[in-house]
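Input: a single structure, listed below in structure tokens.
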Amino acid sequence: MSAPDAGREDTRIPLVAVVGPTGTGKSELAIALARELDGEVVNADALQLYRGMDVGTAKLTPEERQGVPHHLLDVLEIHEEASVAAFQRDARRAVDEIRGRGRVPVLVGGSGLYVRAALDAIEFPGTDATVRARREEQLRERGRAALLRELAAVDPGSAERVKDDRRLVRALEVHDLTGRPFTSFMPERRYVQPTVQIGLAMDREVLNRRLAHRVDLMLERGWLEEVKALEARGLRESPTAGRALGYPQLLAVLDGSATLDEAREDTVAATRRFTKRQRTWFGADPRVHWLDAGDPNGIDGLTAGAVRLVAAQ
């Protein structure tokens, strides 16, 4: 793909998104595509936004990035809360700047809502710390069941979907602030600019074995030591980072409530459950073009297939 004059955004340049479950090789394909298409990579993994969360998020090292510019890595401190609305703003700015340089933006990640926020027409309601604090206090005083009944009266769709207290409080906060149900802010499947979504699929049993091996490699590469260092910086109290896959399990090792073997098994199981949710999320989007991550020609075959998909748009 030939690049137009730098500094002038070319609306013919598509946004390429590489999506799919954890462990399928998305980062490797994104690098290969960026090199092939004269592109730059934009991170859409919510946890790779955090500085210091490297081993446990499989963040590529500078050497592994092979000279390809990367955006939205290491932009948050561990105590900060990740915001999908802020990510949307920053990701779209990065994409526009890349296209303005005449290069191809390659978005990569498995955080479904973050990907949709970057790609699709979606509006995010604001937040209010005072309203949230009041709702959190009500949760402590009145209990989850009472607040769930209140939510069901004004937003039955959200009441059926909320899986934890954080989402329950958020749904009530949104209704308090806007008078609208949280479900009314759900994204449309409508791209805000020309986009090609490429998904990586893998046989479930093969992926499960890869995930177990991946956790073992992370532990060998110093994941427990990483968690110990992050604990000193506020990992336990972090509203987002502290709940990342594997990190609570390793914090339990540090405080003596679990063995390393138990933490490993729990992490592997949690990661497998997470990839199941990712398959459901991305599989529900008919716009995703799926490639077999087990291509017999490896990364070269995947890259060639992805380039053909981009060229066909």
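Start at 1 and count along the chain as shown; that gives each residue its number.
Note that Cβ sites are derived from N, Cα and C of the backbone, with glycine treated the same way.
Sequence-distant contacts of Gly20 (ATP binding site), defined by Cβ-Cβ distance under 8 angstroms and a gap of at least six in the same chain, are Lys26, Gly110, Gly199, Leu200, Ala201, Gln278, Phe282, Ala293. The ATP binding site feature in Swiss-Prot is assigned to Gly20, Pro21, Thr22, Gly23, Thr24, Gly25, Lys26, Ser27.
Reduced to three states, the DSSP call for Ser27 (ATP binding site) is helix. Sequence-distant contacts of Ser27 (ATP binding site), defined as residues of its own chain at least six apart whose C-beta falls under 8 angstroms from its C-beta, comprise Ala58, Leu60, Glu64, Val108. For Thr22, Gly23, Thr24, Gly25, Lys26, Ser27, the entry in Swiss-Prot reads substrate binding site.
The secondary structure of Ser111 (site 'Interaction with substrate tRNA'), as reduced to three states from DSSP, is coil rather than helix or strand. Residues or ranges marked as site 'Interaction with substrate tRNA' in Swiss-Prot: Ser111 (among others).
According to Swiss-Prot, the site 'Interaction with substrate tRNA' annotation covers Arg132 (among others). Taken residue by residue with DSSP, Arg132 (site 'Interaction with substrate tRNA') is part of a helix. In sequence order, Val169, Arg170, Glu173 are the residues near Arg132 (site 'Interaction with substrate tRNA'), counting only same-chain partners six or more apart with C-beta under 8 A.
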Residue among the recorded positions Thr22, Thr24, Ser111 whose Cβ has the most other Cβ atoms within 10 Å: Thr24
Ser111 (site 'Interaction with substrate tRNA'): nearby binding-site residues from Pro21, Gly23, Thr24, Gly25, Cα cut-off 10 Å: Pro21
Local Cβ density at Gly25 (ATP binding site) - other Cβ atoms counted within 10 Å: 19
Listed in sequence order, residues not in Thr22, Gly23, Thr24, Gly25, Lys26, Ser27 with Cβ within 8 Å of the centre of the substrate site Cβ atoms: Gly20, Pro21, Glu28, Ala58, Gly110, Leu200, Ala293
Cβ atoms near Pro21 (ATP binding site) (within 10 Å, other residues, all chains): 27
